[in-house]
Amino acid sequence: MLTDAYSLRGNVFQFSEQHNYIKPNDDRALDLMSRAAEAIMEEFKDIVLAYGQSDEYSFVFKKNTNVYNRRASKLATNVVSLFASSFVYYWPRYFGTQMMQYPPAFDSRTVLYPSDKNLRDYLSWRQADCHINNLYNTCFWKLIHEKGLTPAESQERLKGTMSSDKNELLFKEFEINYNNLSAVHRKGTILLRAKNDQINGDLDLGLQLIPSGSSTARGGQSAKSQRVVSNLRAGKNSRPNIDRLHIDLIGDQFWTDFPEILDPPKR
């Protein structure tokens with residue numbers, strides 16, 4: 001079962017402009033979104049994973065959850081109301097003395113996916129969307145900030161371009177290797193419950209977005225990420241904290257490393 005909290009749906013551009021968000025990515029806003037999502041996970045213990053990017057977060061409840069007797073409307077309203085209040089409550093922590101100009105609007109939905117594959121496909125779609133949008137926005141704002149193009153000119157310059165064209169533009173005109181940019185911007189944020197206090201915090205394991213089922217996805221995990229997985233499985237010094245990971249969840253490796261997400265241990 002999955003519940004989405006779509007932040008600022010319908011007026012995200014207006015909200016970001018009114019509150020002077022840094023373009024193309026404002027880490028204050030992204031961190032605030034993740035903090036609000038963590039508040040959801042702290043309240044709803046049956047959430048096994050959350051994934052967020054841009055103005056949205058998705059929350060995966062364990063298969064056998066009985067929260068609110070599995071009533072979709074009750075889950076959606078309670079998740080989104082707590083998300084909205086947490087967003088407002090934690091705003092000063094990330095934006096300091098910058099006042100919120102007006103209340104943000106959120107909406108949500110609850111979906112019961114019939115299979116693990118359907119759930120994985122959905123989350124893969126959201127992470128792929130994160131990559132596609134970030135690549136475009138990085139090019140779009142670089143052309144404006146460093147080449148002096150207007151928004152309309154930048155949009156026209158990028159019209160009809162493929163991902164390879166955008167990567168080449170960044171490398172040739174701005175000496176930027178897209179794969180070296182921050183993983184939180186390219187891959188979004190995965191929230192998992194921590195089991196080892198040595199890994200609490202933000203984790204960038206350096207994994208690439210790899211097509212599901214590829215040999216690289218199955219065997220290309222770094223030694224660092226392998227140590228993290230080992231620590232998580234050991235369960236030592238456990239405490240109820242939540243880790244932020246910025247890694248690939250499209251390939252098989254993530255689901256192999258964290259099988260308890262789809263197949264929680266029996267109690």
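Glycine residues also receive a Cβ, built from the backbone N, Cα and C atoms like all the rest.
A TrEMBL annotation is a machine prediction, not a hand-curated record.
Of the listed segments 148-169, 214-235, TrEMBL assigns region 'Disordered' to 214-235. Under a cutoff of 8 A between CB atoms, and with a sequence separation of 6+ in the same chain, the neighbours of S54 (GTP binding site) are V12, C130, N133, G188.
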